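If you look up TrEMBL, you'll see 353 marked as active site, proton donor. Per TrEMBL, active site is recorded for 384, 512.
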Ligand code: F6P
């Protein structure tokens, strides 16, 4: 496997980056009135505009060559065909099989996984209908009113993000509450609001060993038994999503109430599996199914669109370009749509848990920065929090701006005001305000010359801050599916471009192991491990005062 920096496209890109760092985006727009047409594309339901990224045709052609040189096409085929591209865990990567609508088989270890996928989807559908119709009843024969979804990381973020994105579409049949934090405040808060007779707990954990989830699940059972008094009642109020039948049985959940997934579904890519059960219960199976349909559209686009029009590939290329070549080490995700307020948190796990690594496929340390730090919040709130940094800070942070043409709810002129901000911000970040303009503005306001000289440097905006704008038709189930799948494939492409194994998460395992050792020190007498003096001091401080 050749080192990426030895590739001719990589070297050409280093040269392009050196040239483009001297360029102003504003001038690139002034020189070419076709720039928007050249650097934007549309697919059903989405406009993708990357013309405000610091690229030119030359750099873009080298990026396309990089895709060819790393043989992305072969890797893409391997992923869709079920080859074990997660080689450190010896697993296939097949979240695409969960939304495969083509009717064709997908083989893993000589077996077609599609019948099992369909069986599980049918099970989700039937269970959803039973619960939502009131046919499924609790230990006092009452219908379910509240779903309490317990899980963490990929077993929480996807369903919760999609629920938040689509809650405007609820028919109000059920409420859903998510509990992910082992801080008991979150669970206590939810349990305060729900009634044990009408609550259904969905315990989502691929492994069924994750300490935070099992702690919350056990406390929920204890709370439930305080009222129900009989362990036999558990099966009517607790279901699980897991691959670990041994553990779900030990927990007291009947096998027929366990929804399965497979080791070829990574946690942060599991929303499409039964991990999405809370979405289906809350919004109905049709909505869940539409999310999958939206994602399948993107799978087809990703497989078939030419590289220069392939949105997830372009997203990955721009990320690599900004991070590894231009040296911008962070990226903001800025949804101008309240429904997408959890998208930054979701993508933090998606991108950073997947590609926040520094070792290449063959084990050597890579010589470039891999993925950026992902952060953000809804754009409007961000404007009043951290946009000062985006406009005038001395670190440049490329940003994805996401909005929709039609709001989920029309309230007077709110959406036009929201979108005015969306358009204004990307324009301002691109163009900035130069000295001449600042002088003109201050002169027009009649500001005294002495004051002008004092203000001038403070009011100049350098601009040249790269942004991508995505405009969805509206935030509905298909759009949510499309958006998530775009980012998923972007993450896969980034991994290939950067030679990073995107589908393991060894870095998370380290902290888990250390925490369980320290937990014994906090909860058992006479257990003491040697730590550094800081950790010893912190533990002692806590133990003395708790
Ligand atoms: O954060 C680490 C991680 O392993 C994620 O990848 C996963 O989504 C999460 O923990 C939860 O794991 P589980 O579903 O096994 O409880």
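Note that Cβ sites are derived from N, Cα and C of the backbone, with glycine treated the same way.
Quick caveat, the model's predicted, so the values are computed rather than measured.
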Active-site residues compared (384, 512) - the one with the fewest other Cβ atoms within 10 Å: 384
Neighbourhood of the residue listed as 'active site, proton donor' by C-beta distance under 8 A, where only residues 6 or more apart in the same chain count: 153, 268, 505, 508
Spatial separation of residue 512 (active site) from residue 384 (active site) - C-alpha basis, Å: 36
